[in-house]
Ligand SMILES: NC(=O)C[C@H](N)C(=O)O
């Protein structure tokens with residue numbers, strides 16, 4: 001089994017070594033499985049349970065103060081499962097798998113996805129807050145949780161343009177270096193320190209492929225916002241040619257269906273690495289935005305590309 005994982009495209013992360021270790025552990029855990037679906041689920045779960053990543057525990061907080069998780073999973077026979085907007089669900093990837101395996105649907109949302117998870121024994125009601133997200137949220141002057149207009153006003157200037165500390169665009173561009181100075185002067189989508197950290201995995205056992213992506217979305221997003229991650233072809237995709245997982249500015253990834261683009265380039269003859277590079281170039285040209293992708297093709301070639309400051313990846317291979 002070959003497994004490649006990512007820990008999100010974005011700014012330079014805190015504790016890169018600790019995160020890298022966890023990514024290696026996730027890849028190893030996936031490679032120990034004998035089925036690619038088990039492999040991507042297992043790898044993603046290792047990352048969802050780690051508060052340093054924006055998936056499961058430690059996920060981003062939406063404008064009403066709630067944390068909602070999203071995930072998508074796909075196999076090379078084009079079976080798809082996705083679930084979104086799930087408060088209290090750490091193992092979003094397992095709910096995506098449940099949708100794929102147990103329902104005639106491809107995508108289930110919100111309270112119904114949570115109820116479905118609960119009915120099938122996936123833990124719900126989990127406290128997804130980490131110390132880091134609690135502190136960051138407490139530092140913000142937040143709008144009333146029951147006023148969507150006030151929330152929209154509040155996020156309008158902040159979403160994708162400032163970090164979770166609420167600095168404005170002009171603050172971030174000022175000569176005074178912000179705390180996360182690694183981000184200063186970069187594209188808007190790279191500024192939020194917790195805007196990276198979405199997680200994903202792709203796996204290949206020599207015959208079959210699978211892809212999965214899981215996230216808490218992005219900081220300073222309107223309550224109920226759903227990004228690319230659970231949208232098939234955008235945050236994840238798998239065809240007989242390649243399995244792909246994407247990360248980055250979700251609205252921009254979705255409008256160019258970034259993951260599908262990578263698989264299409266493999267279908268037309270490129271290997272996973274060249275396909276990832278090419279799709280990301282197209283993405284950057286079309287949107288001017290920031291993202292990253294990982295991919296594995298049906299020859300077992302691994303690929304990755306990103307145009308953010310950082311995107312950590314890890315891979316593992318285990319012969320069965
Ligand atoms: N960090 C991320 O990758 C965020 C994710 N793509 C979203 O927009 O929800």
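Cβ coordinates are placed from backbone N, Cα and C, and glycine is handled just like the others.
Just so you know, TrEMBL annotations never went through curation; they're auto-generated.
Lifted from TrEMBL, the feature list:
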REGION    1-41  region 'Disordered'
COMPBIAS  16-27  compositional bias 'Basic and acidic residues'
REGION    158-199  region 'Disordered'
COMPBIAS  161-172  compositional bias 'Polar residues'
ACT_SITE  198  active site, nucleophile
BINDING   225, 226, 227, 228, 247, 248, 249, 250  substrate binding site
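Annotated features taken from TrEMBL, shown on the structure.
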residue : record                   : Cβ contacts under 8 Å, 6 or more apart
198     : active site, nucleophile : 8, 9, 53, 54, 55, 213, 214, 215, 216, 229, 235, 247, 248
225     : substrate binding site   : 62, 217, 218
226     : substrate binding site   : 70, 84, 85, 109, 217
227     : substrate binding site   : 70, 215, 217, 218, 221, 235, 250, 251, 253, 254
228     : substrate binding site   : 234, 235, 246, 250, 251, 253, 254, 258
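Checked against ligand 1, the recorded positions 198, 225, 227, 228, 247, 250 give 198, 227, 228, 247, 250 as the ones with a Cβ under 6 Å from it, listed in sequence order.
Residue 249 (substrate binding site) carries neither a helix nor a strand DSSP state and counts as coil. Nonlocal intrachain contacts for the compositional bias 'Basic and acidic residues' (16-27), taken as residues 6+ away from its ends with a CB within less than 8 angstroms of a stretch CB, comprise 3-7, 43-44, 46-47, 50, 52-53, 199, 201, 310, 312-316. The DSSP breakdown of the compositional bias 'Basic and acidic residues' (16-27) into helical (H, G, I), extended (E, B) and coil residues amounts to 12 helix, 0 strand, 0 coil.
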